[in-house]
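S.K.: According to TrEMBL:
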- 16-36: transmembrane segment (TRANSMEM)
- 18-417: domain 'Major facilitator superfamily (MFS) profile' (DOMAIN)
- 57-80: transmembrane segment (TRANSMEM)
- 86-104: transmembrane segment (TRANSMEM)
- 111-138: transmembrane segment (TRANSMEM)
- 198-217: region 'Disordered' (REGION)
- 235-259: transmembrane segment (TRANSMEM)
- 271-295: transmembrane segment (TRANSMEM)
- 301-318: transmembrane segment (TRANSMEM)
- 325-347: transmembrane segment (TRANSMEM)
- 359-381: transmembrane segment (TRANSMEM)
- 393-414: transmembrane segment (TRANSMEM)
- 423-433: compositional bias 'Low complexity' (COMPBIAS)
- 423-495: region 'Disordered' (REGION)
Amino acid sequence: MGAGGPRRGAGPPDGGWGWVVLGACFVITGFAYGFPKAVSVFFRELKQDFGAGYSDTAWVSSIMLAMLYGTGPLSSILVTRFGCRRVMLAGGLLASAGMILASFASRLLELYLTAGVLTGLGLALNFQPSLIMLGLYFERRRPLANGLAAAGSPVFLSTLSPLGQLLGERFGWRGGFLLFGGLLLHCCACGAVMRPPPGPPPPPRPDPAEDHRAPSGGRARRRLLDVAVCTDRAFVVYVVTKFLMALGLFVPAILLVNYAKDAGVPDAEAAFLLSIVGFVDIVARPACGALAGLARLRPHVPYLFSLALLANGLTDLISARARTYGTLVAFCIAFGLSYGMVGALQFEVLMATVGAPRFPSALGLVLLVEAVAVLIGPPSAGRLVDALKNYEIIFYLAGSEVALAGVFMAVVTYCCLRGKDAPSGPAAAGGTSDTEDVEAERDSEPMPASTEEPGSLETLEVLRPRAGSPGPEPEVEAVPGLGHESRHQAGGQQA
């Protein structure tokens, strides 16, 4: 792919090795979202071995999820400093080592530190860089790529849980943890394929011994996390939307089985309801990604995301009084469809909102906010169920929060951000004639802009030489530590 010379206006390849990267993102997304839930099949044995209650053993999954979301800024800093491939390889080793060490645990505290902290951190160091690398390889087909990658979550969730049940019956929870640790080494294989996209080399860097004008470069080296993205109004709207969404989005899926049992549904049929949600989700995510990539819909993806949130919230509100198995199945189909749409569009909207250069820092901050919401929403819903013994109120509350998130984003985007709601990038409308847009966008930006986003990846800070430029006029300051990886991927970036 990198054999040919650089093409003027060349952007992300939208194919080629990108499909391999997409397959790796599919696997990583499946592990990140499915693994914390799959570990719960061992909780009964953990309760017996350690003499603990369900809430004590459930902290293993909770800590894992908290690390996955809460370490977003740390992951952004490490990606900026070392690059996606190195961070993912280290993350795969950490995730695997956590589960292997957990198989030798003699106390719950040791499980919290190994399976919870180490494995959760390893999954986080794989999840965020994989999304960043996906954005480097896809632009015109990015909605479809995000939808296909997001489909890894329901696929792995529906496979890892039965696999964990089988391993637990054959080898016990210790053998299951040990084998799961070996399975997580596939994250290293996924990290190994994350080579930078091809492109023209960056302009030559001045010799540090001869260049004494580098106050801005020094600032770029210090700012590994670009918190300046928080001044972007569109990003603030997205963060508020994600916070409201995370308060209620996951609650119905968590309480669905117990809600069905409380309504008199047999245990086996109640458990099958989650499988229905998963099957619909598997189809909905790539289908919604393909839909969002259409030329007429691509500029309006924020509104499509708002519609998905509103549909999910209304599904919860309408189905709060569902008591028969038929109505619960209908709820699962509608919920799985809207849930899949939300999952397919959430990161596409973020990429379109902040652009590729600031996406690593923005994603880290968004995951941190989502971690706070996840630690508030589902636990509060569980306490309300214990106190009120009523699931209807919980469904009304969760549905209202998600619907409010959808209405908030649509109204604020329409009233306050109407010139900024179209996806950024040369292929915003999904067309193929993007060279003129790239050049126009490049001409409209002041030259110093390339050195004013130090929190991004180095490859996203390198400004390609403009047509007719006599030499290395743009000043390029590199974030140390990315080395040759950034030099190869420099040409494929487009803010």
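Even glycines carry a Cβ here, placed using N, Cα and C.
TrEMBL: automatically predicted annotations, no manual curation.
Have a look at these and tell me how they're positioned relative to everything else.
M.R.: Through the fold, the transmembrane segment (16-36) approaches residues 1, 61, 64-65, 68, 88, 95, 119-120, 123-124, 126-127, 130-131, 133-134, 137-138, 145, 148-153, 155-157, 159-161, 180, 184, 186-187, 189-191, 193-195, 197 of its own chain, all at least 6 residues removed from its boundaries and within a Cβ separation under 8 Å.
Note on the transmembrane segment (57-80): residues 32, 35-37, 39-40, 43, 46-47, 50, 87, 108, 111-112, 115-117, 119-121, 123-125, 127-129, 132, 224-225, 360-361, 363-368, 370-371, 374-375, 455-458, 479, 482 of its chain, located 6 or more positions outside it, place their CB under 8 angstroms from a CB of the stretch.
Residues 28, 31, 75, 78-79, 110-111, 114-126, 129-130, 174-175, 177-178, 180-182, 184-192, 194, 485 of the same chain lie 6 or more positions beyond the ends of the transmembrane segment (86-104) yet place their CB under 8 Å from a CB of it.
Using a Cβ-Cβ cut-off under 8 Å and counting only residues 6 or more beyond its ends in the same chain, the transmembrane segment (301-318) has close neighbours at 143, 241, 245, 248-249, 252, 288, 291-292, 331, 334-335, 337-339, 341-342, 345-346, 348-349, 352-353, 395-396, 398-407, 409-410, 413-414, 421, 423.
Same-chain residues lying 6+ beyond the ends of the transmembrane segment (359-381) with a Cβ under 8 Å from its Cβ atoms: 62, 65-66, 68-77, 79-80, 124, 128, 131-132, 135, 225-227, 229-230, 235, 238-239, 242-248, 250-251, 254-255, 347, 350-351, 353, 394, 397-398, 401, 455-457.
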S.K.: Same chain only, please: residues at least 6 beyond the ends of the transmembrane segment (325-347) with a C-beta under 8 Å from a C-beta of the stretch. Say none if there are none.
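M.R.: Contacts with the transmembrane segment (325-347): 131, 143, 146-147, 150-151, 153-154, 242, 245, 249, 252-253, 256, 260, 263, 265, 269, 273-274, 276-289, 292, 301, 304-305, 307-309, 311-312, 315-316, 319, 363.
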S.K.: Under 8 Å between C-beta atoms and at least six residues away from its ends: which parts of the chain pack against the transmembrane segment (271-295)?
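M.R.: Long-range Cβ neighbours of the transmembrane segment (271-295): 140-148, 150-151, 153-155, 157-158, 253, 256-257, 260, 265, 301, 304, 308, 328-329, 332-333, 335-337, 339-341, 343-345, 348, 429-431.
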S.K.: How about long-range neighbours of the transmembrane segment (235-259): same chain, 6 or more residues beyond its ends, C-beta under 8 Å?
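M.R.: Long-range Cβ neighbours of the transmembrane segment (235-259): 229, 270-271, 273-274, 277, 306, 309, 312-313, 316, 328, 332, 335, 339, 342, 346, 349-350, 353-354, 362, 365-366, 369-370, 372-374, 376-378, 381-382, 385, 391, 394-395, 397-402, 404-406, 408-409, 412-413, 416-417.
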S.K.: If you average the pLDDT over the domain 'Major facilitator superfamily (MFS) profile' (18-417), what number do you get?
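M.R.: Computed over the domain 'Major facilitator superfamily (MFS) profile' (18-417), the mean pLDDT is 86 on the 0 to 100 scale.
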